[in-house]
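K.L.:
Dumping the structure here so I can ask a few things about it.
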């Protein structure tokens, strides 16, 4: 591990976190919790899957998955919003959000890995 690698992962994480924040702001008022968080978690899962299927360079993979996708996705916010929904008497919405996040996120990683594998197998693909 080098200082440059640590900085690259941190930069990826910062970019992902800013994108998550902007998504939440853009959807404020139009989408109720846990919608925006589920969205970024599914997108981050898809990007992670594509990355593990397409990127062979372990350093680039670390920056994309651990850095960017780690900053974009958030389990803690999903957990907080789930508890808040339960406390507000909206247990069905809370359970639905958790279920959708888990199932759709897992499926998104699987789909992304397949797509990434196809991209990585394309002639001229970087790797």
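The backbone N, Cα and C atoms fix where each Cβ goes, and this holds for glycine too.
Whatever TrEMBL says is automated annotation, not expert-curated.
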K.L.:
Between 2-25, 98-121, which stretch does TrEMBL give the note transmembrane segment?
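P.N.:
That would be 98-121, the stretch labelled transmembrane segment in TrEMBL.
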K.L.:
Does DSSP put residue 73 (Na(+) binding site) in a helix, in a strand, or in coil?
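P.N.:
The three-state answer is coil.
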K.L.:
What is the total of other Cβ atoms whose distance to the Cβ of residue 73 (Na(+) binding site) is within 10 Å?
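P.N.:
For residue 73 (Na(+) binding site), the count of other Cβ atoms within 10 Å is 23.
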